[in-house]
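**Student:** In case it helps, TrEMBL gives these features for our protein:
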type	residues	note
COMPBIAS	51-63	compositional bias 'Polar residues'
DOMAIN	85-208	domain 'Heparan-alpha-glucosaminide N-acetyltransferase catalytic'
REGION	51-81	region 'Disordered'
TRANSMEM	86-106	transmembrane segment
TRANSMEM	126-144	transmembrane segment
TRANSMEM	156-175	transmembrane segment
TRANSMEM	195-213	transmembrane segment
TRANSMEM	233-251	transmembrane segment
TRANSMEM	340-361	transmembrane segment
TRANSMEM	373-394	transmembrane segment
TRANSMEM	400-422	transmembrane segment
TRANSMEM	442-462	transmembrane segment
Amino acid sequence: MGSYQLIREKKDARLRWDPQQLQLGDIIVEGEGKNLSPRIEVITSDATSNLEKSPISPLSTLPKSIGDHGGPHSHRSKTGGGSGRLLSLDIFRGITVALMIFVEYAGGIYPAINHSPWDGITLADFVMPFFLFIVGVSLALGYKNIPCRLTATGKAIHRALKLLILGLFLQGGYFHGIKNLTYGVDVERIRWMGILQRIAISFLLAAMCEIWLKGDNKVNSGQSLLKRYHQQWAMAIMVTALYLSLFYGLYVSDWEYQMPMDISSSEAKIFTVKCGLRGDSGPACNAVGMIDRKILGIQHLYARAIYGRSKECSVNSPNYGPLPVDAPSWCQAPFDPEGLLSSLMAIVTCFIGLHYGHIIVHFKDHKVRIQQWLVPSSCLVLLGVTCDCLGMHANKVLYSFSYMCITAGSAGFLFTAVYMMVDVWGYRHWTTILKWMGTNALLIYILVSCNILPVLLQGFYWRRPENNILTVIGVGPKK
C-alpha cells in the first residue's frame, strides 16, 4: 500500500489528505469531529482524480457478544485497531472471560478463589459484575447517536428476549450436566432465573434509560456530564433505594420446604425454618430468598445453594460435603444466586458502566478520561469497604450494596488499567487471544461455563456411555 499523509486541523478535528500522495489501494479515513462519524474508503483508479468530491461509505457493522450493545452504532475508536473497535473494551471482556474459565475449573482445586459460601468476596465473585459493567460501557458507545428511538427500543427488547430464552434453555435444567447423558426439564421445576437472564434484565433497563433518559446540554466537565445524564442517575438511586428498603424493611416469616423436592409430599421430609424478623442478611431469613420463594416458587430456584459449602452445612467447607450432625434446617433449601431482588443491584452496576462509557463519548483526551474514571472508582471501593466494616457485608449471592460498590469500583480500576496499557501506551502484542475471547464471549460462555462442550463430547462413547473422552481425561464418570 502506498504512503498517505493525514493532517489534523484543530478547529473541527477532521482528518484530511493530500491527493498528490495517495496511490491506488490506499485507505483514507475521516475522523470523529463534532458532527462526524468515522468513515473509510479504499482509493480506486476512478476516485483519485476527484478525491475530495467522492462519497465516503460508513464502516461496517461489528460482531456482537456478551456485553455488546446491540445498538444502532458499533463502538469505534482511533486506537482500536483495524476493525475500528475500541480495543480496550474487548480486552477487558476477554480478561473477564479468561477469569471465568479459570475460576470455573480451578475453583474446585483452590477453594480460596471459588465463590464465597456467603459473606466476603473471592476472585470468582468479580466475574458477574465485570460482565455487567462492560454491558453498560458498550451501551453508552452503541447509543451515542440514535436515528430513531422507537427502532432502537425494538431492537433492544428483541436482544433481551433472545438472551432470556437462551438463558432458560441453558440454565433452566434442560441439560443435566456432565456425567449424565439425559436431557429435558419438568416445566413445573424449571429454573426461571440465571446468569444470562440477569444480564438480559440489566441490559434492557439500562438500554431503555440510555435511549430515552438523557439530556442535550453540552458536556465540557464532570459536572456537566452528570447534568446531561441526571435522569439516569435518578433512576439508579431509585433502584438502589428500592433494593435497600425491601431488603431491610420486609418481614420474613417462618417458611418450610421438603426434601427430596422431586417426590410426593407424603414420602418427603418437611423442614421448617424459623425466622420472624426483618433486615437479616443470613442465609435463612433474608428478604432476597423470601421474594424468590413467594414470586418464583421454591421449586423453581437453584437447587444446589451456595451456602451448602458453609461451615454450618458442610464438614468439608469451603467445599460441598456431608451435613454436620448439628446442621441447621435450611442447609438443603434451594436458593437462587441470581434472584429477583438481588438483580436490582446488578442493574445499578450496569448504570455505573454507562457512566464510564459516557466519559469515552464526551471526553477525547486520555488524561481527562483516566481522571474521570479513577475518581468514581476510588469512591465506590471506599464506600463499599466502609459499608462492609459497618455491618452491611459484601455478599455476592445477595448482591449487597457494599458488594456492588466494591466490584463496580474494581471494574473501573481494571478498565482504566487496560485502557492505559492498550490505548494509551500501545502495548498490544499480548492482546490477540484476549481480544478474540472478548469478541466471542457469548460463544465461550455457552460452550465452557454452561458445560455444553463437555456434554457434546461425552455423547460419543465406545459401547458403554462411561467409555468416552471425558472419562479418559478424568472428567467423566468412573466405571
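Each Cβ is built from the backbone N, Cα and C atoms, and glycine gets one as well.
What you see is a predicted model, and the numbers here were worked out from it, not measured in a lab.
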**Student:** With the transmembrane segment (86-106) as the reference, which stretch in 126-144, 195-213, 340-361, 400-422 has the largest tally of C-beta pairs below 8 Å?
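**Tutor:** Against the transmembrane segment (86-106), the leading stretch is 126-144.
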**Student:** By DSSP, how many residues in the domain 'Heparan-alpha-glucosaminide N-acetyltransferase catalytic' (85-208) are helix, how many strand, and how many coil?
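**Tutor:** Residue counts in helix, strand and coil order: 83 helix, 4 strand, 37 coil.
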**Student:** Taking residues 6+ outside the transmembrane segment (373-394), which of them lie with a CB under 8 Å of any CB in it?
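**Tutor:** Residues packing against the transmembrane segment (373-394) from afar: 119-121, 222, 281, 352, 355-356, 359, 400-410, 412-413, 415-416, 419.
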**Student:** So, taking each listed stretch (126-144, 156-175, 233-251, 340-361) in turn and counting its Cβ pairs to the transmembrane segment (195-213) that are under 8 angstroms, which one gives the highest count?
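**Tutor:** Checked against 126-144, 156-175, 233-251, 340-361; highest Cβ contact count belongs to 156-175.
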**Student:** Give the mean pLDDT for the domain 'Heparan-alpha-glucosaminide N-acetyltransferase catalytic' (85-208) on the 0 to 100 scale.
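**Tutor:** Here the mean pLDDT over the domain 'Heparan-alpha-glucosaminide N-acetyltransferase catalytic' (85-208) amounts to 88.
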**Student:** Under an 8 Å Cβ to Cβ limit, what residues of the same chain, 6 or more beyond the ends of the transmembrane segment (126-144), are close to it?
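**Tutor:** Distant Cβ neighbours of the transmembrane segment (126-144) are 66-75, 86, 89, 92-93, 95-96, 99-100, 103, 152, 195, 198-199, 202-203, 206-207, 210-211, 346, 349-358, 360-361, 396, 403-404, 407-408, 410-412, 414-415, 441.
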